[in-house]
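Peer 1: Quick one: the structure is below, and I'll ask about it shortly.
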């Protein structure tokens, strides 16, 4: 059977499956808060026949692909069309799992507007049918200093003021950008020439900042970190895969300071050289795991 169009290789799968072996019981509920194509969930359901899954995703394409991938598990699987920040589970879970990365299929579809390598509309909304502002509307609405602050805060981009100045100047002269490629070209032009290839594309941090802002990703993550311990039964696990330092710092701090939780991973688990070679997306992935404290 051909793989679903949304399929991708789940990162740090060994760490996730190892966590599955540390759950307090072999039978119960797994909540995948970022279902995507269902890769991690499929591995967990195969490894743990007593698990039932509730998978959450606001992306209709992802839900359709996950439904196909998880069909062999029948009524053990429930897929819910929601953002995890807006969800309340029907019963306590053995484990809550979240993979915070933008999936390769989302990046590879130009129409979604996430990619600076493929020209598409400046959208960047995870929920493409929602009523939230697009990236194009965001950069048009913000003042130059506000845009610079956003790019610096969410993209950790040292040239944020130069980039914001260029963007607002372009908008004043030519109107809205024609698409993602035009914005990426403008951002790249803010960098001085360099003889050797750059490690990452010059537009990477700016696009990250806009995507985070459009989808309120850090606010949504904060709500998940606050809610997840209440979703768990005592001894249950919460495991999160992050892909940049803004996310990882939040996860690390929450796992350290939340009195409901006990850290299992003192340092984040990262990909092996072999996994990085096989799956380049894993290079920036970090896995942290915590356990809900037992009730005295």
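These residue numbers are counts, starting from 1, taken along the chain as shown.
Cβ atoms here come from the backbone N, Cα and C positions, even for glycine.
The S-adenosyl-L-methionine binding site feature in Swiss-Prot is assigned to 38, 39, 40, 57, 84, 99, 106; the stated evidence is sequence analysis.
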Peer 1: Mind checking which of 57, 99 has the fewest other CB atoms within 10 A of its CB? They're the binding-site residues.
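Peer 2: Selected from the binding-site residues 57, 99 on minimum Cβ neighbours within 10 Å: 99.
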Peer 1: For the binding-site residues listed here, 38, 39, which shows the highest count of neighbouring CB atoms within 10 A?
Peer 2: 38
Peer 1: Just counting, how many other CB atoms are there within 10 A of the CB of residue 84 (S-adenosyl-L-methionine binding site)?
Peer 2: 23
Peer 1: Return the residues near residue 40 (S-adenosyl-L-methionine binding site) by Cβ distance under 8 Å, restricted to its own chain and a separation of at least 6 in sequence.
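Peer 2: Counting only residues 6 or more apart in sequence, the Cβ neighbours of residue 40 (S-adenosyl-L-methionine binding site) under 8 Å are 10, 13, 16, 32, 97, 99.
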Peer 1: Could you check what DSSP calls residue 84 (S-adenosyl-L-methionine binding site) once collapsed to helix, strand or coil?
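Peer 2: Note: residue 84 (S-adenosyl-L-methionine binding site) is helical by DSSP.
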